[in-house]
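Student: Copied straight from Swiss-Prot:
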type: ACT_SITE; residues: HIS301; note: active site
type: ACT_SITE; residues: HIS347; note: active site
type: ACT_SITE; residues: ASP402; note: active site
type: BINDING; residues: ARG356, ARG428, ARG448; note: oxaloacetate binding site
type: MOD_RES; residues: LYS57; note: N6-succinyllysine
type: MOD_RES; residues: LYS76; note: N6-acetyllysine
type: MOD_RES; residues: SER226; note: phosphoserine
type: MOD_RES; residues: LYS321; note: N6-succinyllysine
type: MOD_RES; residues: LYS321; note: N6-acetyllysine
type: MOD_RES; residues: LYS327; note: N6-acetyllysine
type: MOD_RES; residues: LYS327; note: N6-succinyllysine
type: MOD_RES; residues: LYS375; note: N6-succinyllysine
type: MOD_RES; residues: LYS382; note: N6-acetyllysine
type: MOD_RES; residues: LYS395; note: N6,N6,N6-trimethyllysine
type: MOD_RES; residues: LYS450; note: N6-succinyllysine
type: MOD_RES; residues: LYS459; note: N6-acetyllysine
type: MOTIF; residues: 2-21; note: motif 'SIFI-degron'
type: TRANSIT; residues: 1-27; note: transit peptide
Amino acid sequence: MALLTAAARLFGAKNASCLVLAARHASASSTNLKDILADLIPKEQTRVKAFRQQHGKTVVGQITVDMMYGGMRGMKGLVYETSVLDPDEGIRFRGYSIPECQKLLPKAKGGEEPLPEGLFWLLVTGQIPTEEQVSWLSQEWAKRAALPSHVVTMLDNFPTNLHPMSQLSAAVTALNSESTFARAYSEGINRTKYWELIYEDSMDLIAKLPCVAAKIYRNLYREGSSIGAIDPKLDWSHNFTNMLGYTDAQFTELMRLYLTIHSDHEGGNVSAHTSHLVGSALSDPYLSFAAAMNGLAGPLHGLANQEVLVWLTQLQKEVGKDVSDEKLRDYIWNTLNSGRVVPGYGHAVLRKTDPRYTCQREFALKHLPQDPMFKLVAQLYKIVPNILLEQGKAKNPWPNVDAHSGVLLQYYGMTEMNYYTVLFGVSRALGVLAQLIWSRALGFPLERPKSMSTDGLMKFVDSKSG
C-alpha cells in the first residue's frame, strides 16, 4: 500500500510484507475508518522515525534567489502524504491516477463515477475501500451532518451581497464551537491522542459542509428555500445535489466526479499549504479549513473556471457560436498579442494535459456531445496548444481542470458563477483534512521557515561570490 511501500528498504522485504498484509487484513475486516487508522498509524510512525534516524541529514535540494522571490516555486519544503503531482502524469492519490481511481473506487448503484467517500478513504488509509466501507462512510457523514442553530441563524442573516466564499469561511469558523479537539486540548489531552480528535472534527466538518454550502446557495439564488433533510440512505454527493435543489441523476453523477477530482493536488497549492500551516499551530480543523478557504477565494487559486466561462462567453459574443477554426485562431492570436492569456491553459507544475480535464471531457462526450459550449471547448482543445507552442512562451500549452468544469455546471443549470468556488471548497476538504489527520498522527511541528530581507540576501550572495 502507499503508506508502506518503502518499508522493505528499512525493515526488510519479509517484514514489510507482513506490515502490508496486516494493514490489508484490517482494511478488509473493518468498516470503521478510525479503527483502521489506529492500526496503521503506529506502523507509519515507526517507519518515519527509522527513516529520519537514517537519512535526517540528507540534502533534498538547493534553494535559489529566484525561488525565494518567485513564490517558492519548485522548492521542496513540505511533507504531504495524500497526493503527489507528477509533471507528466498529473495527480496521483496515494499512488493511484485519476483513471485508476475511476476504475477502482466504488460507485453508486447504477452510477459510473467514483464516490468521493471512496476517495477520502483512499487518501486517509492508502487503500481502495470496499463497497461496505464506502457505505459506512456515507452513513457516518449523514449522522454527523446537522448544523448547530447558531450557524443556521448566521447563514440566514448574511447580506445577499456577501460573496459565497466569505459566507462559507465565516460559517466554518463559527462551527469551531463544535470542535472536540479544541475542548480536549484545553483540558490537557496527551499529544499522542491529537489525531483522534482531529479525525472526529474532520469527519464532522466534511459531513456538515454540503449543508452549509447548500444553505448558502438556497439563500442567495433560491429565495431562501429549505435545503430539506439528509437522507441516510443516499451518498454524500446525492444528498448535496438534493439539498441544492437539483434532481437530474446526471448532475449528481457530475457532482460525484467533480468532488472526487478537485479533492487534492499535493501540498504546495495555496489552500492545502494554508490548512497545513494553520493546522501546525494546533488550530482545530474548522479554523484550519476556514483559513484554507480564504486562500481558495483568491482569484489566482479558485476563480479560474469563472474566468474561463467569461472568456468563452465573450468569444461567442464577438465571433458567433458556430465559429470556424480560422476565425478561432485569429481570436486566440488577438488575445495573446494584446498581452492577455487564454484562460484554462497552462499549469504551474503540469507539462501535459491535466487528467482532470480529460475525465471531464470524457463525461461531456458521453452526456452532452452536442452542447454548443462543450463543442467550443473541444474546438479550442484542438487549436490552442499548437498556437501556444508556436508563440513559444508557455511551458505548458495544455488545458487544465478549469478549462472544462464551468461548462459542465452551466449545462445542468448551475449558472451562478460566483458559487463555483464553494463547490471547489467542499471538494478540497477531503484532501486537506485527510492530510491534517496524518500531520497530527506523525507529530509534525509548528511550521516556521526562515525569512530574509533583500539587503540580507544581497549580503549573503556577496559573501558567497566573494
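Any Cβ shown, glycine's included, is placed from N, Cα and C.
Just so it is clear, the model here is predicted, and its values are computed rather than measured.
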Student: What is the separation, in Å, between the Cα atoms of HIS301 (active site) and LYS450 (N6-succinyllysine)?
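Tutor: Counting only the Cα atoms, the answer is 25 Å.
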Student: Would you identify which of the recorded positions LYS76, LYS327, HIS347, LYS375, LYS450 has the most other C-beta atoms lying within 10 angstroms of its C-beta?
Tutor: HIS347
Student: Using LYS327 (N6-acetyllysine) as the reference point, find which of the recorded positions HIS347, ASP402, ARG448 has the shortest Cα-to-Cα distance to it.
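Tutor: Result: the closest of the recorded positions to LYS327 (N6-acetyllysine) is ASP402.
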Student: If we check Cα distances from SER226 (phosphoserine), which of the recorded positions LYS76, HIS347, ARG356, LYS375, ARG428 wins as closest?
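Tutor: The smallest Cα gap between SER226 (phosphoserine) and any of the recorded positions is with ARG428.
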Student: Indicate whether ARG428 (oxaloacetate binding site) is helix, strand or coil by DSSP.
Tutor: helix
Student: Find the shortest Cα-Cα separation between LYS57 (N6-succinyllysine) and the recorded positions HIS347, LYS382, LYS450, and name the residue that gives it.
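Tutor: So, spelling it out, the nearest of the recorded positions is LYS450.
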Student: Given the recorded positions LYS76, HIS347, LYS375, LYS395, LYS459, find the one whose Cα is closest in space to the Cα of ARG448 (oxaloacetate binding site).
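Tutor: Comparing Cα positions, the candidate nearest ARG448 (oxaloacetate binding site) turns out to be LYS76.
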Student: Output the one of LYS57, ARG448 that, of all these recorded positions, has the highest number of other Cβ atoms within 10 Å of its Cβ.
Tutor: ARG448
Student: Which residues does LYS395 (N6,N6,N6-trimethyllysine) neighbour through Cβ under 8 Å, counting only same-chain ones at least six apart?
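Tutor: GLY346, ARG351 - these are the non-local Cβ neighbours of LYS395 (N6,N6,N6-trimethyllysine), listed in sequence order.
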Student: LYS321 (N6-succinyllysine): which of the recorded positions HIS347, ARG356, ASP402, ARG428 is the nearest Cα neighbour?
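Tutor: The answer is ASP402.
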Student: Including all protein chains shown, what's the count of other C-beta atoms within 10 A of the C-beta of HIS301 (active site)?
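Tutor: The answer is 16.
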Student: Starting from each candidate's C-beta and looking 10 angstroms out, tell me which of the recorded positions ARG356, LYS382 has the most other C-beta atoms.
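Tutor: Output for this query is ARG356.
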